[in-house]
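Undergrad: Pasting a structure below so you can have a look.
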Amino acid sequence: MRRCCEGVGLPCLFKGVGMASPRPPKYLLVFDFDETIINENSDDSIVRAAPGQVLPEHIRETFREGFYNEYMQRVLAYMGDQGVKMGDFKTVYENIPLSPGMPDLFQFLSKNHELFEIILISDANMFGIECNLRAAGFYSLFRKIFSNPSGFDKRGYFTLGPYHSHKCLDCPANMCKRKILTEYLAERAQEEVEFERVFYVGDGANDFCPSATLTSADVAFPRKGYPMHRMTQEMEKKQPGAFQATVVPWESAAEVARYLQEVLKKKC
């Protein structure tokens, strides 16, 4: 679903909502997008639409750690100046491959959709996520998508904004996934929907922050060898037991599907 967002300072910004399940599901499944659902970082991928498929040095050197969203605003402004249009971005997003095994996981979830409420929390952007998931045929799996608002202005330039502000010192200035997840769970609880377990599938350092708040009943699925995985290992060494959720690393998302299948079997 698309809607124009007020008060963000950008025209026609997308925030996505999928379909809700008619019955309260037992489990909440949270996905990251970049290098989790898809096998690339979509911000890096769109450079393929730039002239020569490369950014000039004067743009690249403006990057500051923790302010990637602001950096991408400058990248998109440059690409707009170079004549890159919506269709060019759309083509790139639609062709970013899913991560290994992700179609298997999504097909499993489609067959068991009444048991899982599925949301996506990503520091990418709503337009790119929607393009990719619609092209892959899995957009309707998600009850809600939380990502940075994006759209196209009167010039046809691709515009991007921050998702929100927060006080977390461990996350980028524009998004704290822990804040989003915590508020979502509280909102659903007010609607009398509480989950038996939460499953979190991610890869990055900004996925570690929310996964560190999970309980011993929950499961964190960090992509093997990526920052989220390394950070869970480091925490276990420094503070054994501090990371409460069960940790199940994955190389193929089919491994996540098999784990969830076993969870359902045990409930039967």
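Just so it is clear, glycine is given a Cβ too, placed from its N, Cα and C backbone atoms.
OK, TrEMBL features for this one:
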- ASP32: active site, nucleophile (ACT_SITE)
- ASP34: active site, proton donor (ACT_SITE)
- ASP32, ASP34, ASP203: Mg(2+) binding site (BINDING)
- ASP43, ASP123: substrate binding site (BINDING)
Undergrad: Taking the mean position of the Cβ atoms of ASP32, ASP34, ASP203 as the Mg(2+) site, which residues outside that list, in the same chain, have a Cβ no more than 8 Å away, listed in sequence order?
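TA: Surrounding the site, in chain order, are PHE33, GLU35, THR36, ILE37, SER122, GLY202, GLY204, ASP207, ARG223, TYR226.
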Undergrad: Cα of ASP43 (substrate binding site) to Cα of the residue listed as 'active site, proton donor': how many Å, rounded?
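TA: Here the two Cα atoms are 9 Å apart.
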Undergrad: Are there any residues at least 6 positions away along the chain from ASP123 (substrate binding site) with a Cβ closer than 8 Å to its Cβ? List them or say none.
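TA: In sequence order, the residues whose Cβ lies under 8 Å from that of ASP123 (substrate binding site) (at least 6 apart) are ASP34, TYR68, ASN69, SER147, ASN148, TYR163, PRO172, ASN174, MET175, LYS177, ASN206.
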Undergrad: A 10 Å Cβ contact count, applied to the recorded positions ASP32, ASP34, ASP43, ASP203: which residue has the minimum?
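TA: Counting other Cβ atoms within 10 Å of each of the recorded positions ASP32, ASP34, ASP43, ASP203 gives the minimum at ASP43.
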Undergrad: If you measure ASP203 (Mg(2+) binding site) to the residue listed as 'active site, nucleophile' at Cα, how many Å is it?
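TA: It is 7 Å, counting Cα to Cα.
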